[in-house]
Structure formats: structure tokens, C-alpha cells
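According to Swiss-Prot, the features are:
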type    : residues   : note
BINDING : D486, D492 : Mg(2+) binding site
DOMAIN  : 553-612    : domain 'KH'
DOMAIN  : 622-690    : domain 'S1 motif'
Amino acid sequence: MFTPTICRFDYGQLKVTIETGMMARQATAAVMVIIEGTAVLVTVVAQKEAKPGQTFFPLSVHYQERSYAVGRIPSNFFRRETRPNEGETLTSRLIDRPIRPLFPKDFLNEVQVIATVVSVNPKVNPDIVAMIGASAVLSLSGIPFHEPIGAARVGFINGAYVLNPTPEELKQSDLNLVVAGTKNAVLMVESEANILTEEQMLGAIIFGHEQQQIVIESINDLVKKAGKLKWPFTPKIVDEKLRSCITEEDKKDLSNAYLITDKQERYAKLNEIKTNIIERILKENETVNAEQIQDILYNFEKNLVRQRILKDEPRIDGRDKDMIRALHACTGILPRTHGSALFTRGETQALVTTTLGTSRDLQTIDDLMGERSDSFLFHYNFPPYSVGETGMLGSPKRREIGHARLAKRALMAVMPNIEEFPYTVRVVSEITESNGSSSMASVCGASLALMDAGVPIKSAVAGIAMGLVKEEDKFVVLSDILGDEDHLGDMDFKVAGTSEGITALQMDMKIQGITPEIMQSALHHAKAARLHILSVMNQVISSASSTISQYAPHIYNIKINPEKIKDVIGKGGAVIRALSDETDTKIDISDDGNITIAALSQKSAAFAQQRIEEITANIEVGRIYQGTVTRIADYGAFVSIASAKEGLVHISQIAEGRVEKVTDHLKLKQQVSVKVLEIDRQGRIRLSIKDAIADTSEHKIEDTPVDSSFEESQKQ
């Protein structure tokens, strides 16, 4: 019934199996990729025809993790997987980015790739498995797809590159880099580094690209055995007659419009010119439509901008290829936030805030690789007004999640650990203007806002986006690209780091590959740009503030005997809740007896510490304490002493002589002095009021004075 085709190969220390023909046979193509027990089912379905009027390539990639892959039932209310989590979204982007440029330019059929994680070995991250699966399934499908890609994760441990390190090895690594590429060129890089040099980063990219060649070779062998026939595809032919309708005057007008340096003015002028051209041609030729004319105009604009750059003419905004836009930075602009900064680079601007929280604010991440907590959160918001548009507002989109993760990666290397700075730190970047590289503006703004908040980061961090225009063997690398240069160019190469080295690198290609020579040039120019930006930032603030905001929680730590934890927490958490309310603090206790007190003032924290010390103090037999009557029974009264410990005053120990009714002598919430008579093996405390009164003249009461009216009544 089944005739699966199987390909097996060694990938470094890992055993890889790619199987097709067993499952999902109604999809255009499907593969199961298994690496050392981690298995991902990857499918692709493509429509045979493009939708009428389709103007862009509708590729969608979905990476989804199943809890059964690790033998768990989802812990949510519905007990099933729901919306994609952040990790799934990021991996979907990781798969999408290297395969997108390998489809033909004019191929507009809808294509959907789905990668489902069905089994997980905790030592093998499924993201690389899914990337290999996507490459294999597209190559087998017959869909127009240029060639297979390989994918590799590279670590850097003790000065040596490590291929596909395990999660445990990554904890010791100074680098976490994912690289994907074809046989001859690199297509995508995503990395986080612990301040490595440009040479070390380039070496890691080359190492990963070399190692993944076995993946590409194996997929090609599998295609020879089980690949489907290639779909017939004819690239769109340019209508030369229609193109000739664009007059020299039209070209001159468009060319002059690209000399306008202000983005909104330029867009308005271009829109006016193109609208006039389209209306004129439609009147002259009723057989064409507006989309055809727009395609020709787009190609002219793209060629115009690219040729100017290749000829070393001024860029769209008048700069040369290495020039950085005007920079402006300031901190402390929001009076009630814990830290804030406004970073502006040309027409790109980020308002960034830092908020300090306690351990209660830690983010718990529960995915297939296990549960963990994160004390550093980074969120990025891109509202439509930042580009002068209207639009829907809602939950963050894939792009916002991806940009936030890149900015977070850039800062991780300089963040203090939780022992050095016991706060949960949340950074939020609000993009208020955008014309290229808003993620790198977020990095710069976040570095400033963290310092303003008093977070002791090891060094300032800046980021820059590099671009590329490449025609045959000639190429030009651009520093600090505009949005149009990103759109019309061939590469988006983002580099972030300190003055000492790189902390994050992301590269996306729109053409089929980039050579080591181009990457080396981009890294060289990015370093110069980064150092320039850092020099401007350091003039504003060069080190963390010595104090944190008066509106931020001040955190204090004390240590108690772990056996006393239950006394501080109380039954059902009653004691710790009452203590927090009484002292106006937040109190957290760990299993080892470490207590964290978060307060807005030192006075509140000191009060909370005093009360905790009272609660955890040992009760001494024979000592007199001040207490409060908490319950009254026929046989006696219960009195709370040392803040939380309760003892019994038997009716015979209330007063000298016979006591008929307890309520004749005591009432609820009455303050009384009691003497500790005994603590039995079960920890129960026996108290005496009459002995405390008798000893008053001989012993000094430790706490507040005895209620004199009660003492007098007892004597009577």
C-alpha cells in the first residue's frame, strides 16, 4: 500500500532520516524528517493557478508544536493547542526567510508550508529539523523552486565552532547562530553573540554553510528518486509596446521625484506622477489594465534607484553610500516611567521605556524544550501612524514579534544576571516614525533607556542596518538604509553590538545568495557605523544611573531558616498576604529561605523585615510576650504572640482564683501579656496570663506595656 522513499545521512554527530510517500499523500508533497528522535512532518500545498488580480507572492509558512511530541497534555483550559506561541512564530519566520527568494519572481500561486513537530528529543531542537524538511518538501513537490537549501546551527565554545550544539551546550556557548543557504551562497543568518569580533562571526557563517552541504546533496539525491515533475512555468514577458508608452518626460518626472529627500513629500509627488501616467495610458489603450502599468513603473523606479547607487551617485536622501543619517538622542523624557529614551535617526524614531518589576513579573515559558523563566522582556510596537497610514490595531504581528526578538538578542550579552540585579526588566519600543531600520533604532533606544533606569548593563549597544545593490559582479554596500532602499535593494543586513564586538546579526536576502566577500564588506562598514552611533549615544549617557527611579520598586533580600517558611506564609497564605498589606510591600519566598521584599520606600522595607524577624523568632519558654486574643472558647482563650504564633491560655491560667466564664475577663482583640509555660512536641504553646502578671514586677516585658486596666482588674 505504501512505497516510501527514504534517505539517510550523517550530519556531523547526528543521524538524519528523510522519508516521503508514507504520510499526507494528498498534499502536493510531504516529508517526515527525523534527527535523533526529533521528528517533524512537513507538507506543502500549492494552487495550480494564481488568483485573478494577484500582485504579490502568497507564501505562508506555519510551524506548529504538538504537546504529545514530549508526552504531555496541554495545561490550558481546553487541553489542546491553541494560537501559536512566540517560539512557533519565530520559527515560522526562520523557515520562511531563506526559501522565499528561491521562488521565481513572477510566480504568484498560493503556497502553504506546514511543519508539525510530532516527536522531540530534548537534545535536538526541532527548528533546524523543520528547516531541512521545508527545503526537502519544496524540492520534491515540482513547484517552481530554484534549488534546495541547507540549515545549520553554529555554536562557539572554548574558541571552537560547534555544529548543531545541544541546548545544554548552547548554555556554555558564546554564539547561537542559524545559517541557511544554497550550494553556492548564503541566504539567511540569525544570531545572538557574546560580543564576538567581525572575523569570528564571518567564520561562523562560513563554517555553517560548509557543513550544511551534506544536507543539500542528500536532498538532491532524494529528488532524483522521488521528485515530482516540475510544473510548467513561463516568466511574465514584458510588454515592450506598453513600456514605450512611458515617455521620456514621464521618466524625467519620476527621476526628479527621487531627488526629494523628505519621505512624505516624495511619496506624494510620486503618487501624483504615477496616477497621471496611468490615467493617460488607460485612455490611450483600453486593452491594458492599471496593474500592468504599475508593474512597468515599479521596474523603472527600481532600476533608477539601483543604477544611481551603482554609479556612486547620491542616494535617495542625498547621502553617499557610507553616510549615517542625522542622529538625536535624549533620556528621561517621561516623568513617571522607570527609564525612558527617545532615539531618532533621520526619519526613523523610537520611544523606548524600561520598567522594573519583581520576581512575580517573571515570564514563564513552557514549550517542548521545557519550562523556564525569563527576567528580561522586550516588546516592539509598530503603529500605522509611524508611516503616515491608518490601520487595524490588535495583538502583535509576526514582524513585531521578530523585531522584538532581534532587539532582545542584541542586548542579552550586556544584561546583568538576576543575582547582580534582582529585577524583572521589561523594555518596550514604540516606533513613532519609520523610514528604515526601526529594529536597530529600538536597540539604540533600549540601551539608553536601560541606563536611564539604572540597569547596570555592561556596555552601550547600538545597531545599524546595511543594504546591498548587486548587478552581476558589481555590488555596493549601503550604510543605514532607508525603507525604499530596503524595498528596492537586494539585502537587509542588520548588525548590533558594543564598541568591542557583535551581539546580534540578522541577514535576509532577496536575491539568490551572498558571497563571503560581500559579507566581509558589510561587516566592515557596519562596524564603522556602529562606533559612530555609540559615540553620539555616549554623549547623552555613557553608564547606568547610580540610583533607580523613585517610582520603581526597591528590592531587599533577607535569609531565614527554611523550616520557618511555613510560619511566614501561614495557612493558605494568610500571614504573608496580611504582612504585604500591613507593610505595603511585595514579599516573595523561595524554597531555600531567601526572601525578597519589594517596596517603594526603605522605611516600608525595613518594617517588613522587622515583622518577618518577629515571625521567625524562636519562642522561649519562661519569656513574657505581648499578645492579642484571637479566639475565645469555654475552656480558655487563644492568644497570638510574636506576630503569627498562637498559644492557649487555659481558663485556669487567666487569673488567680476560680474563673467561671472566660468572657468575664477577656474579649476578642484585647491586648494582654502572657508567659510561655511550655511548648510540646507538636509545637503547641501553653500560655499563662496570671503568671505574667505575677512576674511583671520582676521581669521586663519585651514588647509594649501591658494593658494597665486589664492588669488592675486581675488584681481586684
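Cβ atoms are placed via backbone N, Cα and C, with glycine included.
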Largest tally of Cβ atoms lying within 10 Å of a Cβ, found at which of the binding-site residues D486, D492: D492
The domain 'KH' (553-612): DSSP-derived helix, strand, coil residue counts: 32 helix, 16 strand, 12 coil
Tally of DSSP helical, extended and coil residues in the domain 'S1 motif' (622-690): 8 helix, 35 strand, 26 coil
DSSP-derived structure type at D486 (Mg(2+) binding site), helix or strand or else coil: helix
